[in-house]
Structures are given as structure tokens and as C-alpha cells.
Amino acid sequence: MYIDRYCATESLSSLVKQHVPGATLLQQNDQQLVYSLPFKDMDRFSGLFSALDTHSSLGVISYGVSMTTLEDVFLNLEVEAEIDQADYSVFTQQSLEEEMDSKSFDEMEQSLLMLSETKASLVSTMSLWKQQVYTVAKFHFQTLKRESKSVRSVLLLLLIFFAVQIFMFLVHRSFKSAVVPIKLVPDLYFLKPGDKPHKYKTSLLLQNSTDSDISDLITFFTNQNIMVTMFNDSDYVSAAPHSAALNVMHSEKDYVFTVVFNSTMVYALPVLMNIISNYYLYQLNVTESIQVWNTPFFQEITDIVFKIELYFQATLLGIIVTAMPPYFAMENAENHKIKAYTQLKLSGLLPSAYWVGQAIVDIPFFFILLILMLGSLFAFHYGLYFYPVKFLSVVFCLIGYVPSVILFTYITSFTFKKILNTKEVWSFIYSVTALACIAITEISFFIGHTVTAVLHYTFCIVIPVYPLLGCLICFIKISWKNIRKNEETYDPWDRLLVAVISPYLQCVLWIFLLRYYEKKYGGRSIRKDPFFRTLSTKPKNRKFPEPPNNEGEDEDVKAERLKVRELMSCQCCEEKPAIMVSNLHKEYDNKKDFLTRRVKKVATKHISFCVKKGEILGLLGPNGAGKSTVINILVGDIEPTSGQVFLGDHSLDPAEEDDSVKCMGYCPQINPLWPDITLQEHFEIYGAVKGMSPSDIKEVTNRITNALDLKEHLQKTIKKLPAGIKRKLCFALSMLGNPQITLLDEPSTGMDPKAKQHMWRAIRTAFKNKKRAAILTTHYMEEAEAVCDRVAIMIAGQLRCIGTVQHLKSKFGKGYFLEIKLKDWIENLEIDRLQREIQYIFPNASRQESFSSILAFKIPKEDVQSLSQSFSKLEEAKHTFAIEEYSFSQATLEQVFVELTKEQEEEDNSCGTLNSTLWWERTQEDRVVF
């Protein structure tokens, strides 16, 4: 029933129950009443409708009748099946649990009424800021810990660097272990008796200077397998090439040896010394002999090889280090993509608390990674000489470099709209940039040191990922022990100073840029930020043009526009609406092709409407009608081209951060849920952001889970939940903290009929509080009828109509539908008589496609002057002819919607067909809703 403000609700309800005792009141608001009438009492409908027509003083503007949908029938059958199943499983342990889980609607309503009274705790701004910082940091840490892809990427990069370090270390060790000791035996340089001449072996030259026989000595050499050649000339050079020679002289009883050897034979002297030593042992009748080995010293890496290796590893460190931050410091991009950041800001999140909470985790994590990598680099290269002062300069550069790169990564995360794989792409860009800077700087050495210095200064100032790498290379060059200290054209000390200072200057710049991008792309803040608000810019000069005159505009839409204009100009109104939208207009620039003009696409055309406190406004329309644009403007994701939006008592302007509205509820079409966070943790995060204490969060979570049957899913991560549970969670999060304004974008998408009914009942119950208002967008006409107080239909960016469901059906519905179920034994002649009778009652009725025992008629609205007379005549026909039952209903909201959407040129037939119903299968529990 569509009623006026003076409607006597109690008297009207008494009149309805007087004629139909089984009637129940389903829905009530300032403009509409919905009653459910038992189908078995259809014979009483004509008397009720006649009484409504007679008692015009009750305030009923119009009324209509519609039949139970097939979805309602399915839900009733499902409930009966659950009851039967409980009966059959009464002896199982599971029956008790199912009984506990299947709570009645009344119990859920009581839980939701208690939920609607919960509010966010009233805490000071700084206390709330600290609580939000802690919450964001804790959530960010949990996400990093559970998100395996990002952690694996960072660990893989770290392991690559360590693997290279270990590989180079093992190469050095293997090079040292490859040096084998050499046994110094005569066979190295001397021929054996009977051997043929050899290129690298000769006989041993022996000169007798004793003037006596030395046959014993010659015999010893022969026994040692040494070929001996006697030499009587004092000029040893003339006997070359030979490995060595011995001049034997006599001193008392012993021989005295003078050794002459070829210096190119490295071990010739020790070999000869060993031969002589063994001769003395032979003279002492000792059977053992002395054996000599030579173990060479370990060969150190040459200076040039050391430099090349260090350069390579320092470059590798720079490439890998710069590739890491995007994998763990770009969570902002993911939050924007799933609209979680919008949800958090509408919940009252302060932007500065969000970024500080992220930095509390990201900066220490990046510090740890850098310290591990730099520590391993210095540990594996002990050849560096550490100047204490210059080593401290590297430390100071590191302290400034880490926050600089993290802040810059936060800024680049705002490219999520243009770059799909934001983390991977920016990781690649960072690495390539670092490699290019190093290559250009080192190649410029061939041009001149001045060019190198200029490039180094430029990169340190302009490229945020370069300073640490430049500082590290300068430190390495300074630390070489053989550095040229007197060269005036190249001074790495000055280059080191620039690399140390530039990150700190960049940090200041990045903070201002982060604030700018947050203001431009982050959306509107519900609360005043204690830190960012001092950086606010002046509000934009918005255009508020008058809408063009549209002669074909619906009178209800025009009245709504005038009402909004009056409310905006009124300064002493008793109570302003919770939401006011005035002349909202949004245009997009389409991409222009070659030789074509840029054409502007209009998303919304001067829309005006208001939502009173305690009211739910349904926003309907086909795809492309502009519903999403309106919602995105309301939540602050996009800015309108012109027009104004008022939430509470203040204008929705990104430059104005007024906390008159403490938080807004928002249930977007895309679930703004983190896949690796549990359901309970979502309640804790959003409750803390809204300023609720831990005890309140625990209590509210318990109420919600009991009301919406979520208790068994509390410890499950979101990626393991079904679609229906996710939508319930989104709705529950939007209602936390008792928000004054709630935006519900297709809240029951993906739910089965039973879950939808639960959701609709939850929404109606939650908004019994007259201080709250909501806008609901949906494609389900049943949802709009069940939940919304008023409905607005958008077509091609324009507001086509607005009003209660009954008002729209009465105004835009083109007729009624009559379906008659005949008895099985009826003859064709009787059917012809019945059809003539229907044509007599409704002269312009047209017969629709029918079955053997079913007759369907479409009746124009002009043929139904009075519902009471129509039902009275149909009752007479039922008793006269063999009619088992019939259904007579007004055009549904879906049929009205389909007719209106034909006006939209971009309509893509996504609205679906009319619901078919089988009225003859009703039971005594079926009801008629009007």
C-alpha cells in the first residue's frame, strides 16, 4: 500500500485483519505498508478491497496485489525439508548441532537489534591514531607472513645473492686445494743410465777436482739412476744446456761439493742437495734415504681479479636489493584493487596511521635484508681495508636509504590502475634502473672523471634506488690499499658524501609526494588526520550548474529535485536527510583515435535525490546505467564533474575532512577481503579501526556470528570460505560501529534463496534504528521489494523514476496477469465459455501461451477499475466454471524495470526474462503479498 503522511496505520491494520484475520504486517515505513494475506482466504479479498476504496480517510493513496514468487515457494519447501531431515536424524549426534545452527528469524532479529546498538568507542584522536597504527602494522605483518608468493620472491632473491657469494668462496677454496705437493726426486731433471736424450732432462755434469779417484761417488750416482757425464773444463756455460753440475773437491777426509744449476729449473738446487745428503748417509752405511717434497705457497688472487669480482658482487647486490621492496611494500596496490582501502577509510582509518603502520613493518624488514647482504659481502671479502669514518658513512647512508626506498615504493604503488602486475613490474624496473646507473657510471670513466662525477651526483639525487649502490662502490674504491691518493682528477671521498646525504633529502620529498597522491587517489577521509591535515590544499572550485530543462522528466523525479534544492537552502530545518545528492553529473573522456575528435561519455546526468534517516533507498538500473558511478562518488573513489553530495550535515569534498560522520558502512560488490586473513581477524581489524576496544570487539563479534551463522567459520581464512559466507561477512563489517550511513552494493550476490532471505531480514532488522540511512543497489527485484522503502531506477545515466515499490507498480505497470488452473475433466466447450466470460469481465484481455489445463491472460490496466470488483467477478466465475484455482496479480517490479530499461540504447539484454510461476501447486501456507 502506498500511503500518505497522515495515514492511520493502526486503524488500517485493524481494517485489514477484520476482513482477512490471517493477515500479517511484513513491512512498514513512512510511505508504504506491506501485508501478507493467506491464499486460502482469496474469497475475502473483494470485501477488503471494497473497504479500502470506501475508507479514503485512512490515507491510502494506492494499493496493489502480487503473488508469491517461485523463489519463496522454493524457500518454504527447503525449510520443510530441513525439518523433515531433523526429524529423521533425531538419534544422531549431528541433530543437536543442526538444531542449534538453524535458529529462527526472531532469534536472529534480537541479535541484530543488539548489534545495531553497538557503537565505536569514544576515544581521543591520538589514542585512535595509535590504535590504528598498531592494527595496520599487525595486519601487514600477518599478511607478509601468510602470503607465500611475496615471501618466496624475497627469499629467492636473497638466496640468489648468498648462492653467488658461496659459489665464489668455494671457487677460491678449490683453487687453493688444487695445489699438489711435489716430490723432489732426481728423475725430475736428470736422465737415467741408458735413457735417450730428452727435451727437459739431461745428465748430471761431474767435474773431478780432487786429483784422486772418485769412482765410489760415480757408483753412488749410478745406483741412484742418475746418468753422469764427466767434465774437465772450468767453463760450465760451454756445456749448456744442462740441468746442473757438481764440482767435487777434497778437504781432508771428506768431499767438498760446488753446485752449479740452471735457474730455469726451479727445483734443481733442492734436488741436488737431497742427492748429496743421501750420499753422506750412504757413507755412514745407513740404508734409509731422505725424501723431499715441496708444497708451494697458496697463490692469492691478483688485484685486478679482486677488483672485478668485488665490482660484480656489489652490482649484483644493488640489483637484488632494489628488486625486493615492491614485493613486500606494495600492499597498498592490492588493497586498492580489492577496494579494501576504501572500506578502511570509510570505517574511519586515518591515512597517516595507515602509512606509518605499513612503514613500521617494511622499514625494519628491509633493514634486516640489507644488513644480511652487506654483512655477507664484507665477510667474504676480507681484503678490504675498513676506514672507520668511511665505514660509518656507509651506515648513515643505509639509515637514510631504507626509508627513502620504502616511501618511494609507497608512491609507485598508486600506479595500480595502469599496471596489472604492480609488484613484478616495479621490481623489474627497479633492478634494470640500478643496473643501468652502474653501467653508465662505469663506462663514463673512459670519457673522464668529471663526467663520471656529474652522472654520479645526478643519479644520487634523481634515482632513489641508486645512492646506496653508489656509496658502496665509492667505499670499495677508497678501501683498496693501493689506491692512488695524489690523483687530483678523481676523488671518491666527495662522491661518497653526496651518496650519504641525498637519501635524507629524498625522504622529505617523498613524504610530500605521498601526501599528494594519497589526497588525489586515496579518496576522502571520514575523520580529521592529526598529521596530514596541515598539508591540505584549498578546496577545488566546483561547478554547480543548473540542470537543463527536461520536459519529459518524470514528475516524481522533478519533485525529488525540488525537495533537495529546498533542503539545501533551508537553514532551520528540523532534521535534514542523512544523504543528499544534488545535480550530480559525471563525464569521462573517451580515448580518441587517429583523426577523430575526443567524445565525452556521460555516466550520470544531473541526478538529485535524498535519503532520510531510517530509510533504505534502492538504486536499480541495467549495466551501464550509472549506479556504480554514483556509489563510487559517494565513497570518494572518484570525483564528480559537477554537483554536490552531502553526508550527514557536511558536503562530500575531498578537501574537507570533517569527522561529523565518524564512520560509514560500505559493502561493495567486490568482496574487500584479504584472502590470507581469517574471518575473526577481519572483525578485529575493522573494529580497531573504528575505535572499538578489544572487549567490545569480542562481544560484537560473538553477536554477529550468532546472528548470521558465522561461528563455525571464525578461524578460516577468506580464501577457504564460500561466496555466501563472504557476502555475509562484508555486510557484517559494514554494520560494525553503528554507522549513520551505509552503502550496500548488491549485498546478496552469489547467495542461495535461503541465504538471501536471511540477509534481507538482517538488513531490515539492522535499519529499524531511525538514525541510520542506507542506499542499496541490486539486480534482484525481489531484494528491492523485500528491503527498500523507496526505489529509484536509473536509465542511461538519468534518474528515470523514484518512489515506493507499490507507487512504481501502480504508475508504470501496464497491466495485470491472470492465470487460471482448470479441473482435469473440463471439456473444450467449457473452456470456450470460460474464455468468453474472461473477455466479458476484461474486454481487452489477451490470451497468452497456455498449457492443457492452464489459461493465462494479460489484462490492461484500463480494464481493472477496481480490484474489489475484479476479485468479486473472478470468484463468481470460479463457482460457475470448473476452475480449481486462479491467481490475479499486478505487474511485478521486475516487469516495470524491464519496460523502463528498453529506453537505454546500451541495454545488452542482461535483465533476464520474467519469472514463470506455477500457482496450482500452492499449499495452504502460500500467501499473497500486496
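Note that Cβ sites are derived from N, Cα and C of the backbone, with glycine treated the same way.
Remember, predicted model here, so these are calculated numbers, not experimental data.
The average pLDDT computed over the domain 'ABC transporter' (579-821) stands at 84. TrEMBL lists 579-821 with the feature domain 'ABC transporter'.
The feature region 'Disordered' is assigned by TrEMBL to 537-557.
For the transmembrane segment (153-171), same-chain residues at least 6 beyond its ends with a Cβ under 8 Å from one of its own Cβ atoms are 309, 313, 316-317, 320, 323-324, 327-328, 369, 372-373, 376-377, 380, 423, 427. Per TrEMBL, transmembrane segment is recorded for 153-171 (among others).
Residues annotated as transmembrane segment in TrEMBL: 255-276 (among others).
Annotated transmembrane segment per TrEMBL: 365-385 (among others), in sequence order.
According to TrEMBL, the feature transmembrane segment maps to 391-416 (among others). Sequence-remote contacts of a segment are chain residues at least 6 beyond its ends whose Cβ falls under 8 Å from one of its Cβ atoms, and for the transmembrane segment (391-416) they are 322, 325-326, 329-334, 336-337, 355, 358-359, 362-363, 366-367, 370-371, 374, 422, 426, 464-465, 467-468, 471-472, 475, 496-497, 499-501, 503-504, 506-507, 510-511, 513-514, 517, 521.
For the transmembrane segment (428-448), the list of distant contacts is 311, 315, 318-323, 325-326, 455-456, 459, 463, 465-466, 469-470, 473, 489: same-chain residues at least six beyond its ends, Cβ to Cβ under 8 Å. What TrEMBL records for 428-448 (among others) is transmembrane segment.
Positions annotated as transmembrane segment by TrEMBL: 454-476 (among others).
The transmembrane segment annotation in TrEMBL covers 496-517 (among others).
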